[in-house]
Amino acid sequence: MSNIKLIVGLANPGEKYAQTRHNAGAWYVQELARVCGATLVADSKYFGLTARVTLHGKDVRLLIPSTFMNLSGKSVGAMANFFRIEADEILVAHDELDMEPGVAKFKLGGGHGGHNGLKDIIASLANNKGFYRLRIGIGHPGDKSQVSNYVLGKAPGTEQAAIEDVIDEAVRSTEVLFNQDMAKAMNRLHAYKA
């Protein structure tokens with residue numbers, strides 16, 4: 001049974017960024033909310049879109065920060081502080097350059113790997129890196145100088161379909177996480193390739 005009380009999907013706000021690779025974490029939270037029959041609503045107190053869902057009897061908050069990516073910690077910190085949620089009770093879904101589209105993995109702890117959203121969340125949690133992550137593969141452009149344009153661009157059709165397929169599997173694996181445990185959820189998700 002999971003101890004997670006807050007699930008966060010990282011994104012940049014606005015229509016301009018809605019369909020960009022950098023928003024893959026938000027796509028996961030949007031799909032999770034849809035499956036749970038919840039509606040994400042703007043809440044200025046938490047600087048984001050929020051919903052409250054029940055996953056296998058557990059009360060869980062969903063959050064998509066409406067700050068820009070590099071200020072995600074403002075939103076996560078506000079909600080974690082208000083509800084007294086510890087770092088190891090948080091799951092942050094984010095785009096991952098070092099994995100191909102169609103692959104996603106759960107992970108506990110670690111650094112930010114250059115991801116500005118994770119960097120700001122770590123800072124907002126008093127440098128506590130001990131939160132769970134859902135890393136959603138978006139692939140790498142091959143050239144480090146192209147990363148910014150790449151993550152802020154839209155994936156071509158086949159890559160987008162693979163990302164959406166693995167997000168669907170990540171939502172199913174999240175249900176396993178809450179119904180059973182992280183090890184079983186990891187085994188299921190890590191074996192999947194869209």
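Every residue gets a Cβ built from N, Cα and C, even glycine.
Taken verbatim from Swiss-Prot:
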- ASN12: site 'Discriminates between blocked and unblocked aminoacyl-tRNA' (SITE)
- TYR17, PHE68, ASN70, ASN116: tRNA binding site (BINDING)
- HIS22: active site, proton acceptor (ACT_SITE)
- ASP95: site 'Stabilizes the basic form of H active site to accept a proton' (SITE)
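Cα of ASN70 (tRNA binding site) to Cα of ASN12 (site 'Discriminates between blocked and unblocked aminoacyl-tRNA'): a span of 9 Å. DSSP assigns ASP95 (site 'Stabilizes the basic form of H active site to accept a proton') to a strand. Spread of the tRNA binding residues is 16 Å (greatest Cα-Cα distance among TYR17, PHE68, ASN70, ASN116). Comparing ASN116 (tRNA binding site) with the residue listed as 'active site, proton acceptor', their Cα atoms are 11 Å apart once rounded. Within 10 Å of ASP95 (site 'Stabilizes the basic form of H active site to accept a proton'), as judged by C-alpha distances, no recorded positions are found among ASN12, TYR17, PHE68.
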